[in-house]
Amino acid sequence: MSERYPIIAITGSSGAGTTSVTRTFENIFRREGVKSVVIEGDSFHRYDRAEMKVKMAEAERTGNMNFSHFGEENNLFGELENLFRSYAETGTGMHRHYLHSPEEAAPFGQEPGTFTQWEPLPADTDLLFYEGLHGGVVTDSVNVAQYPNLLIGVVPVINLEWIQKLWRDKKQRGYSTEAVTDTILRRMPDYVNYICPQFSRTHVNFQRVPCVDTSNPFISREIPAPDESMVVIRFANPKGIDFQYLLSMIHDSFMSRANTIVVPGGKMELAMQLIFTPFVLRMMERRKRAAQ
């Protein structure tokens, strides 16, 4: 961890809701005048969309039915660790973008599903903000989790996570239920081995729990609304967290354990604002002292 060049990382599976958390942080950064550089985890996949289809077909022909974006084989873990290390030491590093859609690809004159060229990070940023699958990953050869000053896990209960992924991939990307289900099944070993362990390394976890029946996520026609859920917020180290303040500010919240507060689903963004604004301000104070 670096006080002069801090890193915030949001880690969560596909469909977990990390994008909405990123929007909350963008609001905090804008309000507090923090200049951040945002890194999307997709940009550290090893293969672009077309290459991934070819590699997946090759893997299936050899009997590997679990070839996925979640595992080490298909990601540039070493390059991600190098970026975090370089930024923590010098405030610099190399990054690129993954172009998901025609709208994102058009300014670069490229096809969707491709990567831009590697380029240096912008100069004079206050912090690096990562959102993706592997912000807290640790393997035999890399340790990404050691660098973030603040590591946040976004992990709905599994059925809700699947409902969110099914809805997004069907509505926004045009996939069938069968295709999304195949993806979920194919990713399961890597989900267990690479995604889940990260949530034991995070500083804070947000777990949305539905209060409606999600027993069979594959037939759900809609995502449970925020008001139909609760959010369990767990702090790895509760020292310094003003739980009484949070309880007074968030209506219908309560403590379930000494390090855990539960809030209504519709209050998740408010909870994040109340919890993380002081974190960010303290980071900026330490950064100023370290630069002197």
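Heads up, residue numbers simply count up from 1 along the chain you see.
Each Cβ is built from the backbone N, Cα and C atoms, and glycine gets one as well.
Listed features, source Swiss-Prot:
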type    : residues                                    : note
BINDING : G12, S13, S14, G15, A16, G17, T18, T19, S20 : ATP binding site
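Features recorded in Swiss-Prot, as mapped to the structure shown.
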residue: G12; record: ATP binding site; contacts (Cβ under 8 Å, 6+ apart): T18, V21, L133, G153, V154, V155
residue: S14; record: ATP binding site; contacts (Cβ under 8 Å, 6+ apart): H69, L133, K165, R187
residue: S20; record: ATP binding site; contacts (Cβ under 8 Å, 6+ apart): E269
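Its Cβ taken as reference, T18 (ATP binding site) is surrounded by 24 other Cβ atoms within 10 Å in the chains shown.
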